[in-house]
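Peer 1: I'd like to ask some things about the structure below.
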């Protein structure tokens with residue numbers, strides 16, 4: 001286990017380095033720079049600025065300098081928002097995104113698993129059909145369409161919620177619904193098919209032959225085995241929700257990290273783009289990693305070992 | 001002999017798209033205390049359905065018990081509620097299944113799977129149930145039982161898993177054990193071991209056993225009495241001696257004749273029973289075996305024969321054994 005974790009950690013560092021490198025050069029390939037604005041700035045001032053941020057040097061030198069800085073934990077200061085540190089900007093705004101994301105993850109899991117379980121238990125009956133139609137819709141319709149429709153129906157027409165803003169608990173409802181729609185749909189389908197398989201498994205017959213009552217069988221034998229594939233999906237789901245939040249925060253005017261990310265790109269705010277990318281990268285890798293660990297606890301057949309040889 | 005189980009005129013059907021499959025059509029038999037009864041027949045003959053109906057384990061729908069009674073210890077199991085059946089399953093009737101590789105829950109420790117029933121039926125604490133569970137593992141011949149108790153099914157081989165299944169089925173000392181093809185998925189050397197374990201446990205606890213199989217070798221090694229099923233009907237019953245030494249029904253004879261013999265020459269072909277069993281959505285009006293039978297007469301195709309009792313224990317359902325039929329030479 002310890003060896004597994006350390007080796008996994010090393011792999012994560014390597015992927016992170018690749019991520020940083022790719023982002024850095026792609027970012028530099030975009031035309032323009034932070035100080036090209038519509039306002040005419042005298043060339044001297046611009047040169048002065050470029051010099052101050054080291055942008056006058058060759059790209060490869062900048063890259064080396066950047067790596068050196070982040071190795072020391074220095075992510076620099078924003079090039080657009082003066083005197084704001086990148087780390088500060090991330091920690092300030094990530095709170096809102098985290099709250100939104102966590103609620104969306106929990107809602108996706110609970111609703112998705114419940115829907116899938118009900119669909120499996122009432123296989124080929126009304127609940128099943130309704131759940132699966134919803135699931136197909138959820139997978140097919142992109143989250144920004146869902147978001148706009150929710151805004152239109154529940155905020156604009158019915159007036160139950162605010163169209164935008166992120167202040168009270170009620171403000172969570174629409175963004176969470178928009179974010180969770182796709183994961184719910186996916187989890188529901190995943191759960192349904194795996195529960196159906198488990199319900200017909202021989203060991204369920206064994207459990208019934210022992211004289212256990214149906215509720216015991218359902219919770220002790222069916223759900224635990226049927227939930228395994230959902231755990232595999234936890235990693236990708238986190239990715240889904242995080243990338244989804246970039247769009248959703250914009251639509252609902254939530255001042256989260258997603259919003260910062262989008263504006264940093266349009267501003268060519270180099271240090272901020274890098275900082276947020278690295279931050280997202282780390283979160284996604286951690287999510288995958290935790291998924292692997294979680295699997296060990298639920299499925300005893302899986303043991304974490306290093307398989308370097310073979 | 002005192003009977004513990006009596007199946008009377010059992011009819012079970014399945015609804016499928018094309019109609020209703022009449023899988024079990026009027027089955028009668030009894031099982032005595034401490035007795036081993038084997039039910040043999042090819043796939044689709046209704047033997048598994050019969051067994052699962054006794055336990056009330058077949059899902060309904062699509063299955064439906066059309067008529068009949070299953071009298072166990074003087075009570076009709078078919079009129080019991082689900083709740084009442086839960087109290088009987090595992091406690092008074094235990095069951096083991098064909099495929100030990102899939103019959104144990106992969107995510108629960110073997111020990112817990114044994115103690116589950118004990119805790120439910122005998123109100124034991126986990127510690128007491130554990131003592132009993134470990135003892136059961138030892139009895140079915142699993143070495144190092146304390147350590148094995150805390151292992152998962154994937155750490156056991158097929159034969160070992162079937163032993164665990166026997167331990168689960170017999171943990172509450174049921175008076176009846178239903179074994180649904182318990183050796184079919186195992187290789188031959190392991191088959192013999194499992195049969196020995198079952199015999200040993202039977203001697204110890206006095207359990208009656210219903211053994212469902214299509215392996216006549218298993219039958220010969222274990223059964224006191226044999227029930228031969230074909231197309232949802234019992235076509236012949238008798239003691240093992242009567243069935244193996246003096247089979248009467250042409251189907252039973254065909255089954256025995258089709259067995260490969262150890263003294264057989266290599267180039268000598270096996271003798272199959274030509275043809276396939278009838279479609280049970282529309283079962284034939286006459287004897288269901290008539291279409292495959294070498295001795296079929298006109299009457300066979302028109303009227304299904306009634307049972308003919310050849311001795312107290314031997315019954316055959318064939319016009320050939322009918323008192324009015326001519327003596328036929330056994331082939």
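Every residue, even glycine, has its Cβ placed from backbone N, Cα and C.
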Peer 1: Out of A:9-30, A:31-52, let me know the one TrEMBL marks transmembrane segment.
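Peer 2: So the range that TrEMBL calls transmembrane segment is A:9-30.
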Peer 1: Examine the ranges A:77-99, A:100-122 and name the one recorded by TrEMBL as transmembrane segment.
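Peer 2: Comparing A:77-99, A:100-122 with TrEMBL, transmembrane segment matches A:100-122.
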Peer 1: From the ranges A:58-76, A:153-171, A:172-190, pick the one that TrEMBL records as transmembrane segment.
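Peer 2: From TrEMBL, the annotated transmembrane segment range turns out to be A:172-190.
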Peer 1: Need a quick answer: max count of Cβ pairs under 8 Å to the transmembrane segment (A:230-252), which of A:9-30, A:100-122, A:129-152, A:172-190, A:272-298 is it?
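Peer 2: Going through each listed stretch, the top one turns out to be A:172-190.
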Peer 1: With the transmembrane segment (A:172-190) as the reference, find which of A:9-30, A:100-122, A:129-152, A:272-298 contributes the most Cβ pairs under 8 Å.
Peer 2: A:100-122
